[in-house]
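Chemist: Okay, handing you the structure first.
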Amino acid sequence: MNAAPTVLQQQAQSLSEAVTQPIPGSRKIFVQGSRADLQVPMREIALTRTPTLFGGEENPPLSVYDTSGPYTDPRVAIDLAAGLAPLRAQWIAERGDTVALDGLSSSFGRGREHDVRLDAVRFPARRLPRVARQGANVTQMHYARRGIITPEMEYVAIRENQRLEAVTDASLRRQHPGQAFGASIQQRITPEFVREEIARGRAILPNNINHPESEPMIIGRNFLTKINANIGNSAVSSGIAEEVEKLVWSIRWGGDTVMDLSTGKHIHETREWIIRNSPVPIGTVPIYQALEKVDGRAEALTWEIFRDTLIEQAEQGVDYFTIHAGVLLRYVPLTAQRVTGIVSRGGSIMAKWCLAHHKENFLYTHFEDICQIMKAYDVAFSLGDGLRPGCIADANDAAQFGELETLGELTKLAWKHDVQTMIEGPGHVPMQLIKENMDKQLRECGEAPFYTLGPLTTDIAPGYDHITSAIGAAMIGWFGTAMLCYVTPKEHLGLPNRQDVRDGIMAYKIAAHAADLAKGHPGAQVRDNALSKARFEFRWDDQFHLGLDPEKAKEFHDQTLPKDAHKLAHFCSMCGPHFCSMKITQDVRDYAAEHGMSEAQALSTGMQEKSAQFVAQGAQVYRAT
């Protein structure tokens, strides 16, 4: 092994120290499936006993969905230079429909492999890619349509249920009825339901056969709402070690998938490090790398260059590709009257190519050729919205909806090849126009999963667009969007750092959970109920641990009440000891219990006592003291 990977590995040691400790108050557990090698990870939050004053009962631990992979499991030794264990390798091999290649198929990949100048940044462990056998289709959709329940499907069924059956306290399971807008929300997710949804095209299970390290997950409106985090280096900022760190940081806080949007140098090598160390699906926009190969000249792009890029990335293990095949020549003039024109990088690249050659988008004309590649590796389509609105003034215009109609046409073509497909959506949309987007997408695209960037509901808050977009994300998630692409505070301003990534993920975890509550997803309210109970009982540590960001909650509390004794206090610094509404409520309950009366009677008695006291003191509103 050369010295350079060791340098990267040394840089990664700080990553391990910073982000690999368990989430406070919890531990990694595994739920056993039907076979010995099917163990589904979850995070179990330990809860303390209710204080005697409030009843003194035990509070059993609560299991929640976990995206952090082995990084938060202290029993696992992390070696970024070796990558993660190939969790699905045996499942893939057992199906007998893939073969290992002797080497890389793409000409670009082969060139990088033998370039000694790249030794300093190359991932050290060599791995031979796999591909479908001649004439075979290896997509999860293909299996689902043939009635096959794969281990991946069983895995996600167990994962989606979050051990809800272990919650026996009826007060924790209490939940408001949801409004699902026609979604088929199940009380319990079964492997058969997962298979049906994938076969129907309403859900995707993005798992490239060359990314066996990934833990299966599902994207669909009848499942938990997912979020995506974007990372990626650029020509002016960020390197490989930093991007791997951002990957681990993203999944620690709840990123269900991660998109590598790298546009700078060493795109290929950065992606290899990311995929080999990622337990979540990785998405890319292949046109970005294809453009790098022609020195940034969109007009110089060719189908051959793009095809080679697809194969290169598919053999590395990319799980889904954003492909802007709906940017048609006839739609480009429709953007001329927009305030912000075409804001999608991929959309602008393809629009420029179309105008330069005055030909139809080659991604559209070669779409079935692309399908042949996708089904040979089980790469899912994320059909890009290259004409999405870049400001609320441009929302829901002819260009945006024309492209959406074309994406619906392409979805049906992809399904003909059993290729898993989701649809990307806006963007910038005011609140009153959001539902129209969702309804049209369901209608035009046959209920294929919708994957939206926000949408941002106003354009006046640079520096706070994680908030402007989380508002729209919560709404469109409720209406039926399956996955929300996060927006960070740096949106429109610069490349996000680690704190920006965390802030963006938190905003979107809130939006996704709010959507699940509104849809009435089974068990969605359990965690809310558990936290509310802990709050009323002044179990401060449990409040922190049940929150989406335990570290932030504890940090804020300890800024004013830092002592250990304050974790037992029946108040916080907001109201203090004499004005805490929950403490007052408990005092009323205690008074009622002491005097053998109901809470209503206690309140009435207390009011009568105060009335008598007022009259006895002279019935004066103001008294000299």
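The backbone N, Cα and C atoms fix where each Cβ goes, glycine too.
Take a look at what Swiss-Prot says about it:
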BINDING   ASN230, MET259, TYR288, HIS324, SER344, ARG345, GLY346, ASP385, GLY386, LEU387, ARG388, GLU424, TYR451  substrate binding site
BINDING   HIS428, HIS492  Zn(2+) binding site
BINDING   CYS572, CYS575, CYS580  [4Fe-4S] cluster binding site
Chemist: Including all protein chains displayed, how many Cβ atoms other than that of GLY386 (substrate binding site) lie within 10 Å of its Cβ?
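Modeler: There are 32 such Cβ atoms around GLY386 (substrate binding site).
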Chemist: At a 10 Å cut-off from the C-beta of GLY346 (substrate binding site), count the other C-beta atoms across all protein chains.
Modeler: 22
Chemist: Using DSSP and three states only, what is GLY346 (substrate binding site)?
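Modeler: The three-state answer is helix.
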Chemist: Round to a whole number and give the Cα-to-Cα distance in Å for the pair TYR288 (substrate binding site) and HIS492 (Zn(2+) binding site).
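Modeler: Approximately 19 Å lies between the Cα of TYR288 (substrate binding site) and that of HIS492 (Zn(2+) binding site).
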Chemist: Of the residues named as substrate binders, ASN230, MET259, TYR288, HIS324, SER344, ARG345, GLY346, ASP385, GLY386, LEU387, ARG388, GLU424, TYR451, how far apart in Å are the Cα atoms of the most distant pair?
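Modeler: Of all Cα pairs among the recorded substrate binders, the widest measures 20 Å.
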Chemist: Identify, in sequence order, the residues in the chain of HIS428 (Zn(2+) binding site) that are 6 or more apart from it along the sequence and have a CB within less than 8 Å of its CB; answer 'none' if there are none.
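Modeler: Counting only residues 6 or more apart in sequence, the Cβ neighbours of HIS428 (Zn(2+) binding site) under 8 Å are ARG388, PRO389, GLY390, CYS391, ILE392, ASP394, ALA395, GLY454, PRO455, LEU456, ASP459.
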Chemist: Of the binding-site residues ASN230, GLY346, GLY386, which one has its Cα closest to the Cα of HIS492 (Zn(2+) binding site)?
Modeler: ASN230
